[in-house]
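Participant: Following this message is one structure expressed as structure tokens.
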Amino acid sequence: MNRFKASKFRHMEARPSRREAWISDIRAGTTATCGNHIKSSCSLIAFNSDRPGVLGIISLEGHEENKRHVTYLGCHSDLVTDLDFSPFDDFLLASGSADRTIKLWRLSSTGEALPSVPGVVLGPEELPVDVLQFHPTADGVLVSTAGRTVKVWDVAKQQHLTELEAHKDLVQSAVWSRDGATVGTACKDKQLRIFDPRARAQASQSTQAHENNRDIRLAWTGIQEYLVSTGFNQMREREAKLWDTRVFSSALASITLDTSPGSLIPLLDPDSGLLVLAGKGENQLYCYEVTPQQPALSPVTQCILENALRGAALVPRQALAVMNCEVLQVLQLSDTAIIPISHRVPRKAVEFHEDLFPDTAGSVPASDAHTWWAGDNQQVQKVSLNPAHRPHPRFTSSLLPTLEPSPNMEQPAELPRADTELSEGFSSPSSLVSPSTPSSLGLSLSSTSGIGTSPSQRSLQSLLGPSSKFRHAEGTILHRDSHITNLKGLNLTTPGESDGFCANRLRVAVPLLSSGGQVAVLELQKPGRLPDTALPTLQNGAAVMDLVWDPFDPHRLAVAGEDARIRLWRVPPGGLKNVLTTPETVLTGHTEKIYSLRFHPLAADVLASSSYDLTIRIWDLQAGTEQLRLQGHQDQIFSLAWSPDGKQLATVCKDGRVRVYDPRSSPLPLQDGPGPEGGRGARIVWVCNGGCLLVSGFDSRSERQLQLYMADALAEGPSALLGLDVAPSTLLPSYDPDTGLVLLTGKGDTRVFLYEVIPEAPFFLECNSFTSPDPHKGFILLPKTECDIQDVEFARCLRLRQTSLEPVAFRLPRVRKEFFQDDVFPDTAVTWASALDAKAWFKGANGQPRLLSLQPPGMTPVSQAPREVPARRTPSSAQYLEEKSDQQKKEELLNAMVAKLGNREDPLPQDSFEGVDEDEWD
């Protein structure tokens with residue numbers, strides 16, 4: 001702005017809209033990421049919800065008198081760190097996450113029928129994705145950052161075109177210049193860098209940006225050579241700087257605001273040159289005009305906000321109310337609402353003002369990824385914002401197919417919002433088969449009511465592949481009244497082969513750090529704060545290696561010691577009252593310390609143990625003797641598991657092999673196959689009714705992964721492999737045979753993965769993962785009978801913290817909870833009653849578990865519930881009146897008034913009055 005020429009924006013006013021225009025009743029969530037937490041296209045708004053991995057989607061404009069409803073898109077299994085709409089396709093959304101992937105989503109025009117699987121998956125990266133942005137001129141080009149890495153992606157080919165030179169620290173911002181030729185980055189090493197990604201991977205220019213390395217953001221102006229950065233100076237004051245890339249050694253201009261700790265979000269409109277600075281956690285917006293002349297950063301206006309700002313976004317210029325002289329609209333994301341803030345220049349005439357609204361870039365891309373990478377520099381054709389020159393041609397990207405539901409298609413019920421608390425964790429689903437083979441899937445609709453799907457839905461599902469009915473599962477830490485607190489002296493260094501603690505429906509056994517291998521036994525029916533005095537314990541006499549409850553006797557506990565002995569303890573029915581020093585039975589036979597213990601799933605008094613002597617021994621507890629000894633392992637045995645029918649035993653070993661034994665027929669393995677490459681630890685569990693084996697372990701790069709084997713074809717290797725993340729602890733699987741769900745988490749993790757495992761492709765169906773507020777030391781699945789069936793609780797677990805024990809409930813949102821959800825709760829096996837005794841099993845007999853219905857008395861199965869008839873929607877009065885002419889409205893109004901008055905023949909009130917007599921007139 002020339003100092004001798006008044007700015008056309010000098011009288012601009014910024015005002016929050018009326019409450020009627022707010023998008024309320026939302027629950028926004030923010031994290032310490034480089035993103036703005038909210039983005040807008042000309043049609044839709046997307047924002048971070050309070051559930052990790054879940055985005056809220058809502059229409060930008062309300063329709064008639066209808067209230068806008070937020071729908072939720074389950075994007076990732078961890079926090080969404082950044083998101084962006086395509087500048088050309090209003091319904092193409094990209095999301096980046098802490099789960100190290102970038103996903104592209106095709107949204108519907110209404111924003112209601114949301115996809116359950118992404119259209120494209122990019123990655124995974126080595127670190128969480130921090131920033132992403134679509135290219136401003138070419139369709140299908142995306143820039144992203146992850147840690148110190150910056151990549152430019154060809155979305156159509158699902159591969160990166162180039163990886164820019166590694167930065168020296170975390171990349172905090174990456175933005176395209178308006179012509180799409182260069183990329184500007186801001187790094188935690190305080191450097192600004194300019195890249196020409198098509199020329200070379202090294203930076204063409206660099207300079208020091210701000211003296212403080214905290215949260216530097218960038219925004220490119222409408223003039224190619226100018227760049228705005230925001231950050232903090234050495235005095236921790238917030239500041240903004242304007243840079244001329246032709247003279248990049250120092251800033252062209254700078255302004256200092258205040259010492260507030262909230263990071264500045266720069267929102268710059270390249271057409272008008274208006275810069276809005278929004279501070280996270282604050283209630284004020286600053287607006288400046290950016291010009292190449294001095295003063296280069298001129299204050300225009302400020303706006304006081306009613307609520308604290310959690311995120312902010314600009315509405316595209318093509319969606320502005322230009323006839324009202326609205327030159328900017330900022331969407332403020334608060335904790336409970338999205339508030340439009342309109343910036344208007346007062347003008348007397350209600351007309352289109354060309355000086356306020358120059359032509360802007362249209363919605364048709366100038367090129368695609370291939371032509372742009374080949375050197376094409378065509379610019380997007382500009383269009384007028386004058387309403388008289390609209391509509392402009394719209395563009396639909398071919399990157400993802402457009403799948404709109406037919407008008408008569410049943411829409412999935414909106415996911416009810418859970419009454420979540422701060423202690424809850426919720427992460428959303430996506431269907432990944434393998435990180436190395438990203439899926440290219442579109443919209444997938446499935447019923448969440450438990451009643452069934454329409455033929456059109458089934459045909460769509462057959463086209464796009466299956467999705468889990470548990471994908472919207474919600475994990476909740478139950479109320480504090482059910483917690484056991486004030487735990488002290490826990491042994492948090494149990495071997496990796498042990499779960500760290502064990503539980504049944506009555507009590508929990510937790511090893512303590514004190515000498516002598518002490519084990520505390522806590523009653524689940526007596527929650528609350530434990531006394532500060534010492535608890536009565538089991539004096540094992542040797543350090544505890546593993547411990548497990550007898551599934552058929554809730555009072556018997558087996559404890560494996562470092563002295564190669566197995567001790568069987570009997571806990572009194574009311575719990576421990578005194579210290580127990582003498583076990584019921586001591587089993588001796590192993591020559592080295594023991595890895596793990598596993599009870600037989602059907603036969604009473606049968607126990608398997610693995611040891612450092614590289615053998616597995618099977619014990620008859622009734623006789624107190626070793627009956628079988630399995631051999632063939634060449635190294636440490638990581639894990640063992642009984643098959644559901646109790647006939648076979650599977651192991652995974654440090655020698656990189658998975659083995660299956662038939663213990664009663666041979667001490668050598670029946671078959672074996674290749675196992676995980678990493679030697680840090682592994683677990684094995686039978687899934688899919690015993691038809692498959694699931695192994696969790698590490699690959700050669702120490703990435704945690706899942707491998708699924710066909711139980712009768714181990715030699716062929718895994719049928720499916722799924723990489724998860726990089727973490728030091730082994731994933732401990734807890735499998736629920738009724739639902740086919742496996743819960744996976746490690747000691748010291750804060751996240752529990754949920755997958756539905758099926759025996760055919762895609763094998764793993766990802767569901768919402770559970771995120772806890774702090775790391776847990778163990779995670780145990782309780783028997784199905786502990787679940788609240790009426791609340792559609794399909795799993796209940798115990799979470800061990802350093803000082804407390806917390807129950808966690810996993811529920812499935814259902815609309816008609818008054819019915820028994822028989823599709824979620826099939827008859828369950830009676831795991832607490834044996835099918836045969838040890839003597840019969842060792843002689844070759846087999847048994848079958850009894851089945852128990854979980855249907856509560858008086859509840860009707862949802863499969864037998866009457867179908868709900870959808871209410872017929874009648875047009876609103878406003879819509880009805882709009883369809884009539886003025887003359888018709890006038891006639892109807894007069895008729896209504898006449899009808900109200902009516903032609904009544906009733907006597908008038910004065911007719912009943914009595915007059916005076918005739919003689920009184922005289």
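Any Cβ shown, glycine's included, is placed from N, Cα and C.
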Participant: With respect to Swiss-Prot, which of the residues Thr582, Thr860, Thr874 bears the note phosphothreonine?
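Facilitator: So the answer, going by Swiss-Prot, is Thr874.
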Participant: From the list Ser456, Ser702, Ser885, Ser912, pick out the residue that Swiss-Prot labels phosphoserine.
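Facilitator: Annotation hit in Swiss-Prot: Ser912.
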Participant: Can you tell which of Ser439, Ser462, Ser700, Ser853 Swiss-Prot marks as phosphoserine?
Facilitator: Ser462
Participant: Swiss-Prot tags one of Ser431, Ser447, Ser459 as phosphoserine; which one?
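Facilitator: Record lookup, Swiss-Prot, feature phosphoserine, residue Ser459.
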Participant: Along the repeat 'WD 8' (725-765), what average pLDDT does this model show?
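Facilitator: Mean model confidence (pLDDT) across the repeat 'WD 8' (725-765) is 91.
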Participant: Checking distant contacts: for the repeat 'WD 8' (725-765), what same-chain residues at least six beyond its ends satisfy Cβ-Cβ under 8 A?
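Facilitator: Tertiary neighbours of the repeat 'WD 8' (725-765) are 77-78, 99-100, 126, 425, 427, 431-433, 439, 465-468, 470-471, 473, 475, 492, 496, 499-500, 638, 644, 680-683, 685-689, 691-692, 694, 696-698, 701-704, 706, 708, 710, 719, 771-781, 784, 794-795, 797, 810, 824-826, 828-829.
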Participant: Helix, strand, coil: count each for the residues of the repeat 'WD 7' (632-671), based on DSSP.
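Facilitator: The counts are 0 helix, 17 strand, 23 coil.
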Participant: Counting by DSSP, what is the helix, strand and coil composition of the repeat 'WD 8' (725-765)?
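Facilitator: For the repeat 'WD 8' (725-765), the helix, strand and coil counts are 0 helix, 21 strand, 20 coil.
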